[in-house]
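Swiss-Prot has this to say about the protein:
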SIGNAL    1-21  signal peptide
DISULFID  Cys51-Cys66  disulfide bond
DISULFID  Cys58-Cys73  disulfide bond
DISULFID  Cys65-Cys80  disulfide bond
SITE      Lys76  site 'Interacts with channel'
SITE      Arg78  site 'Interacts with channel'
MOD_RES   Ile84  isoleucine amide
Amino acid sequence: MKASMFLALAGLDLLFVVCYASESEEKEFSNELLSSVLAVDDNSKGEERECLGFGKGCNPSNDQCCKSSNLVCSRKHRWCKYEIGK
């Protein structure tokens, strides 16, 4: 009885660890994919703007995102995104 309870708990612990690792990898993959899709190509700058538009790469310490469009530089992803709730 004790052995079967121990095996059941060990199995549940193992299932939790596997699910957590899978979810963590999935989040990292989606963040990398989003960052690569929205990455700024330095070779094709085109016209210089006073501020950066949505999805443009930015530096959080020097936020150059367009304030008139309610954009802020995301510290986590390092691209301009809409500021929600302001």
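Yeah, the Cβs are placed from backbone N, Cα and C, and that goes for glycine too.
Annotation for Arg78 (site 'Interacts with channel'): same-chain Cβ neighbours under 8 Å, separated by at least 6 residues, are Ser35, Gly57, Cys58, Asn59, Pro60. Taking the Cβ of Cys51 (disulfide bond) as reference, residues of its chain lying under 8 Å away and at least six apart in sequence are, in sequence order, Gln64, Cys65, Cys66, Lys67, Ser68, Leu71. Looking only at the recorded positions Cys66, Cys80, Ile84, the densest Cβ neighbourhood within 10 Å occurs at Cys80.
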